[in-house]
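Notes to accompany the following structure.
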Amino acid sequence: MIEAAIIGTTASGKTALSLDIANKTNSIILSLDSLCVYRDIDIASAKPTKEERGDITHFGIDEVFPNENFDVVEFLNLYKKAKNFAEENSKNLIIVGGTGFYLKALIDGLSDGLNTNYNLDLPLDEAYKLLYSLDEAYMKRIESNDRYRVEKAYSIYKQTNLTPTQYFIENPKKALAPNLKIFEIQRDKEELKKRVILRTKQMLHDGLIDETIFLEKKYTRAPNCMKSIGIIEVLEYLDGKIDKKQLEEKIILNTMKLAKRQNTFSNGQFKDKEQMIISSLNSEIIKYFKI
């Protein structure tokens, strides 16, 4: 079994590329997308339809309902399940999506035994100061306004009574795919923006507003996934805070901001990736699977 990851910003063309590659390389697909895992969120997640998926086995799509928990630990378990299926059925495995944190956990590993959904019980700046006083060497590597990493460090301390440095010494990370080959789709900003505009218009045409009304009625606004791009803006529209033109503009703006964050994360975390335009990437990935 050969496995590889295809990453790229939102709207970069990952899904179409992965389906094409999977058909040519006898592969199954594991979705690396924190929104596609939810049933009933079809338009906002831009997940491939059943028709588009065809006979290709997919993991990571429609795994849980919006009011159920799904986090990085669940994703790693899903990876094990997908890999076992691929090996048992003599298939290759393509991991595709834009949730970089899941991919990083797959490559670097997670330490066992921590609640990944632990939230701060004091202000961010106070948590940072406390942690800095206890573990200066570790906290020097974290910006004081980096909520995600401060929360993670704080959760380690609160749950184990150990500083992050002590905890990682006693609980080394266990990587599931440390040598995973990563291919990234490269698109310039203007080209990506055109794709985002077209996709946003298509999502609205396909019924994004009706889907959001259905989701709110069935699950309320409480689940975290109801704060996702596409859904949160429609809720503002339904509340009368913005009009339809502003709705479209806001989804486009927030999607481009997400793409920028994804690029920043990818460039900082995945140093050994192969990055090129999509036409070149297609042939390179197929070559890799034929090694």
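Including glycine, each Cβ sits where the backbone N, Cα and C put it.
Counting only same-chain residues six or more apart in sequence, the Cβ atoms lying under 8 angstroms from the Cβ of T10 (ATP binding site) belong to A46, G98, V196, T255, L258, A259, Q262. DSSP gives T10 (ATP binding site) a coil state; it is part of no helix or strand. Annotation comment: TrEMBL describes G8, T9, T10, A11, S12, G13, K14, T15 as ATP binding site.
Per TrEMBL, substrate binding site is recorded for T10, A11, S12, G13, K14, T15.
Summarising the annotation, TrEMBL assigns region 'Interaction with substrate tRNA' to 33-36. In the region 'Interaction with substrate tRNA' (33-36), helix, strand and coil residues by DSSP number 0 helix, 0 strand, 4 coil.
Among the features that TrEMBL reports, site 'Interaction with substrate tRNA' is placed at T99. T99 (site 'Interaction with substrate tRNA') is surrounded by 21 other CB atoms, counting those within 10 A of its CB over all protein chains shown.
In the three-state DSSP scheme, T15 (ATP binding site) falls into the helix class. Note on T15 (ATP binding site): other Cβ atoms within 10 Å of its Cβ, all shown chains, come to 22. Comparing G13 (ATP binding site) with T99 (site 'Interaction with substrate tRNA'), their Cα atoms are 15 Å apart once rounded.
The two recorded residues, T9 (ATP binding site) and T99 (site 'Interaction with substrate tRNA'), show a Cα separation of 9 Å. A11 (ATP binding site) and T99 (site 'Interaction with substrate tRNA') have their C-alpha atoms 13 Å apart, to the nearest angstrom.
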